[in-house]
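> Before I ask anything, let me first share the structure, which is written out below as C-alpha cells.
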Amino acid sequence: MATILRRRSLGNPWEQFANWITSTDNRFYIGWFGVLMVPTLLSATICFVVAFIAAPPVDMDGIREPISGSLLYGNNIITGAVIPSSNAIGLHFYPIWEAASMDEWLYNGGPYQLVVFHFLIGIFAYLGREWEFSYRLGLRPWICVAYSAPVAAATAVFLIYPMGQGSFSDGMSLGISGTFNFMFIFQAEHNILNHPLHMFGVAGVFGGSLFAAMHGSLVTSSLIKATSYEESQNYGYKFGQEEETYNIVAAHGYFGRLIFQYASFTNSRSLHFFLAAWPVIGIWLTSLGICVMGFNLNGFNFNASITDNQGRTIYTWADIVNRANLGIEVMHERNAHNFPLDLAGTESAPVAFAAALGDG
C-alpha cells in the first residue's frame, strides 16, 4: 500500500497572520485588539521609563517655573514623576513635530501627552482584547465589564478631568508624590470628600476589600479535608475536579449565625456576582464623580452652615476642612494665585479655642 504525503495548504500570508493572531493556542493571546494594544503600551512604557529617568524640568504651570521630575535631576522613586504638559499648551495636541525643537517639547512636557494618550489607547485595547478572548473561548463577557472600572478611573483623571478644566496641566502626574499632589489640589478645588459619588467609591473599595477578605477566609476555613496532617491542604485540590472543594453549607451556617441568616448567600453564583459588582459599581460612580467635578459640579458645601441667634458662625469640622482647602489653594501655583478671592474677601475664621491661646 502506497502512502502519499502532501503538504497542507496554508493559504496566503494574510490568512496565516490572521490565524496566528486569533489563535487561542498561543501562550500569549494576541487578538485583533492586541495588534493595537502591544505597540501602544510598549510606546507608553518606554517613554515613561526614559522620561522618569532623564527628562529635564517641565514648566507645568506655564509661568516659567520648571518642575523637576526625573531621577537624573535630583528626584528619587517617591518624588519622581513624568510632569504634566504645560498650562501654556492647554488642551492642544502636542506631538514632537508640533514643537520647534526637542528641547522645547521636553520643556513643555510633551512626554506626558505621549505616555497618557498611548496608555489610554492601550488599556482600551486591553479591554477589547479581554472581550475578544472571552468570545473565542465561549465565555460570558463580564471580565471586560469588570475591567471597565479601572479603565473609567484612568480615563477620568488623565483625559476627562483635564478637558473639563481646560488644560492637560491639570491632569494627574505620573508618579507617587505627583498623585498625592493631584489628590490634595483636587480636594482644595472641588471638595471631593463631600461629593456623594466619591462616597460611593469609598464604599466600593473598602467594602470590596472587606467582602474579599470575608469570602476568602470563609472558604479557606471550610475546605473539605482531603489530605493528611503532614501535607498542605492545598494538595487536596486537583485542577479541574468536579467536586466542590469547600463546604458552602458550613460556610453559610457559620456566617448566617455570626451576623444574621439573610446576610449570608446560599447561592454561589449570586455570591460571586455580588463580589464582582460591588467594587466595580463603586469605582464606576467615583470615576463619574471625577468627570462631573472636572466641569465644576463640586462636593457639598457646609461652610458656615450653623449660626447662633446673633448670626455668628458656629464652626464645625466642615469649616476646619475648608480652611485646609484654602491653605492648599494658597500654596499651589503661588505666582498665579497669590491671594485667592475666598481668602482675601472674607474675615478670618479662628480654628482654635480661646483656651488654646492661654486665656484663663
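Each Cβ is built from the backbone N, Cα and C atoms, and glycine gets one as well.
Swiss-Prot lists His118 with the feature chlorophyll a ChlzD1 binding site. Look at Swiss-Prot and you will find Tyr126 tagged as pheophytin a binding site, backed by sequence analysis. The [CaMn4O5] cluster binding site feature in Swiss-Prot is assigned to Asp170, Glu189, His332, Glu333, Asp342, Ala344. Residues or ranges marked as chlorophyll a PD1 binding site by Swiss-Prot on the basis of sequence analysis: His198. Per Swiss-Prot, the feature Fe cation binding site maps to His215, His272; the stated evidence is sequence analysis. Annotation comment: Swiss-Prot describes His215, Ser264, Phe265 as quinone binding site, evidence class sequence analysis. The feature site 'Tyrosine radical intermediate' is assigned by Swiss-Prot to Tyr161. Sequence annotations record features per position, and here Swiss-Prot assigns site 'Stabilizes free radical intermediate' to His190 based on sequence analysis. The transmembrane segment annotation in Swiss-Prot covers 29-46, 118-133, 142-156, 197-218, 274-288.
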> Which whole-number value in Å describes the distance between the Cα atoms of His272 (Fe cation binding site) and Phe265 (quinone binding site)?
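With the alpha carbons as reference points, the distance is 10 Å.
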> Provide, as an integer number of angstrom, the distance between the C-alpha atoms of His215 (Fe cation binding site) and Ser264 (quinone binding site).
10
> List the same-chain residues at least 6 positions away in sequence whose Cβ sits under 8 Å from the Cβ of His190 (site 'Stabilizes free radical intermediate'), in sequence order, or say none.
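When sequence neighbours closer than 6 are ignored, His190 (site 'Stabilizes free radical intermediate') has Met293, Asn296, Asn298, Gly299 within Cβ distance under 8 Å.
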> Measure from the CA atom of His198 (chlorophyll a PD1 binding site) to the CA atom of Ser264 (quinone binding site) and give the result in Å, rounded to a whole number.
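Given the Cα positions, Ser264 (quinone binding site) is 27 Å from His198 (chlorophyll a PD1 binding site).
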> Compute the C-alpha separation of the residue listed as 'pheophytin a binding site' from Tyr161 (site 'Tyrosine radical intermediate'), stating it in Å without decimals.
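Between the alpha carbons of the residue listed as 'pheophytin a binding site' and Tyr161 (site 'Tyrosine radical intermediate') there are 22 Å.
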> Can you tell me which parts of the same chain pack against the transmembrane segment (118-133), counting only residues 6+ beyond its ends and a CB-CB cutoff under 8 A?
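Residues 24, 29, 31-34, 36-37, 40-41, 43-44, 47, 141, 143-144, 147-148, 150-151, 154-155, 158-159 contact the transmembrane segment (118-133) from elsewhere in the chain.
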> Starting from the Cβ of Phe265 (quinone binding site), draw a 10 Å sphere and report how many other Cβ atoms land inside it.
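I get 19 for this one.
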> Residues sitting near the transmembrane segment (142-156): Cβ under 8 Å, six or more positions beyond its termini, same chain?
119-120, 123-124, 126-128, 130-131, 134, 276, 279-280, 283-284, 286-288, 290-291, 294
> List nothing but the one residue from Asp170, Glu189 whose Cβ has the fewest other Cβ atoms within 10 Å; the candidates are the binding-site residues.
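Output over binding-site residues Asp170, Glu189: least Cβ neighbours within 10 Å is Glu189.
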> Could you find out if DSSP has His332 ([CaMn4O5] cluster binding site) as helix, strand or coil?
coil
> Identify which of the binding-site residues His118, His272, His332 has its Cβ surrounded by the largest number of other Cβ atoms within 10 Å, counting every protein chain shown.
His118
> To the nearest whole angstrom, state the Cα distance for the pair Phe265 (quinone binding site) and Asp170 ([CaMn4O5] cluster binding site).
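Distance between the two Cα atoms comes out at 44 Å.
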